[in-house]
């Protein structure tokens with residue numbers, strides 16, 4: 001209730017942050033598991049995940065909202081709820097607030113003690129220029145099927161993207177000369193050229209969903225069918241394979257089918273390589289590890305089974 005009420009206050013002021021919070025959860029879980037590592041800040045000599053190229057466009061306000069929620073939770077029950085769980089709940093409630101489905105979020109994740117290196121981030125976050133084969137090479141090792149991957153891609157039904165994440169479809173990125181991408185619908189392409197008048201424009205943004213940009217529905221798949229998807233990775237779901245195209249068609253025709261598969265994918269994603277029990281910690285502040293967790297660990301060791309560290313635990317206690 002604390003997470004939901006604090007989040008709703010923020011989203012009532014700016015519903016566009018729902019997309020930022022959903023993306024934060026995705027970028028957390030796909031790198032080192034759902035452990036809140038993406039929330040940690042680093043230094044000039046030890047840059048965090050936030051400094052890795054795929055995360056440079058993460059929304060500062062979304063990170064701030066997580067901090068605000070964590071502060072509210074700590075005021076009521078200090079040292080009980082992890083940042084990883086706060087982020088998972090905030091992503092779920094953001095989807096619902098934007099008009100999407102509600103789904104159960106198992107709790108019990110621990111926060112990581114450190115963040116992943118840039119190389120690990122780069123290896124685990126798909127790029128907007130990925131084709132279907134490249135997307136599957138990241139999703140399949142994490143246990144996701146083709147249907148799961150396409151359902152999770154539907155998160156792009158809300159949010160925006162900077163020009164430099166899709167200008168490979170508009171310009172030769174080496175020479176800056178305009179090109180014609182045959183998988184871009186003409187009127188959509190013209191609009192993108194007006195938004196992004198030059199290559200490597202990192203200031204301007206375009207909506208990921210041209211039909212209902214701030215409403216969580218299945219219109220993203222209609223855009224893909226019409227060759228009006230923003231990213232190469234989005235359009236590849238329709239153009240690279242008949243099987244994937246059939247799944248896009250099914251999601252575009254029935255929102256209920258998409259919502260059902262999206263929920264299954266999100267619950268699965270929320271349990272990727274979680275830390276549980278004596279692993280990790282419960283951060284008091286999401287951006288930094290606790291000064292020391294040794295005394296806390298000594299308290300819980302007698303009541304929590306330990307053993308060799310693994311990232312295969314499952315979370316529990318559905319909310």
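Keep in mind that glycine also has a Cβ here, set from the backbone N, Cα and C atoms.
TrEMBL: automatically predicted annotations, no manual curation.
Computed from a predicted structure; not experimentally measured.
Residues or ranges marked as active site, proton acceptor by TrEMBL: 27. The Ca(2+) 1 binding site feature in TrEMBL is assigned to 28, 31, 33, 35, 37, 49. What TrEMBL records for 126 is substrate binding site. Taken from TrEMBL, the feature heme b binding site applies to 156. Taken from TrEMBL, the feature Ca(2+) 2 binding site covers 157, 209, 212, 217. Sequence annotations record features per position, and here TrEMBL assigns disulfide bond to 29-34, 83-286, 163-196. Residues or ranges marked as domain 'Plant heme peroxidase family profile' in TrEMBL: 1-290. Feature annotation from TrEMBL assigns site 'Transition state stabilizer' to 23.
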Rounded inter-Cα distance in Å - residue 209 (Ca(2+) 2 binding site), the residue listed as 'heme b binding site': 7
Residue among the recorded positions 31, 34, 286 whose Cβ has the most other Cβ atoms within 10 Å: 34
Additional residues surrounding Ca(2+) 1, by Cβ distance to the 28, 31, 33, 35, 37, 49 centre under 8 Å: 27, 29, 30, 32, 34, 36, 38, 112, 115, 116
Fewest other Cβ within 10 angstroms of its own Cβ, chosen from the disulfide-bonded residues 29, 163: 163
Euclidean distance between Cα atoms of residue 156 (heme b binding site) and residue 163 (disulfide bond), Å: 15
When distances run from the Cα of residue 217 (Ca(2+) 2 binding site) to each of the recorded positions 23, 27, 83, 126, 196, the nearest one: 23
CB within-chain contacts under 8 A for residue 196 (disulfide bond), separation at least 6: 163, 166, 167, 170, 204, 206
Check: same-chain CB within 8 A of Ca(2+) 2 site center, minus 157, 209, 212, 217: 158, 211, 213, 215, 216, 218, 219, 220
Candidates 33, 126: member of the binding-site residues with the richest Cβ shell (10 Å): 33
Distance from residue 37 (Ca(2+) 1 binding site) back to residue 286 (disulfide bond), taken between C-alpha atoms, in Å: 9
Local confidence of the prediction over the domain 'Plant heme peroxidase family profile' (1-290), expressed as mean pLDDT: 97
Cβ neighbour count (within 10 Å, all chains shown) around residue 37 (Ca(2+) 1 binding site): 27
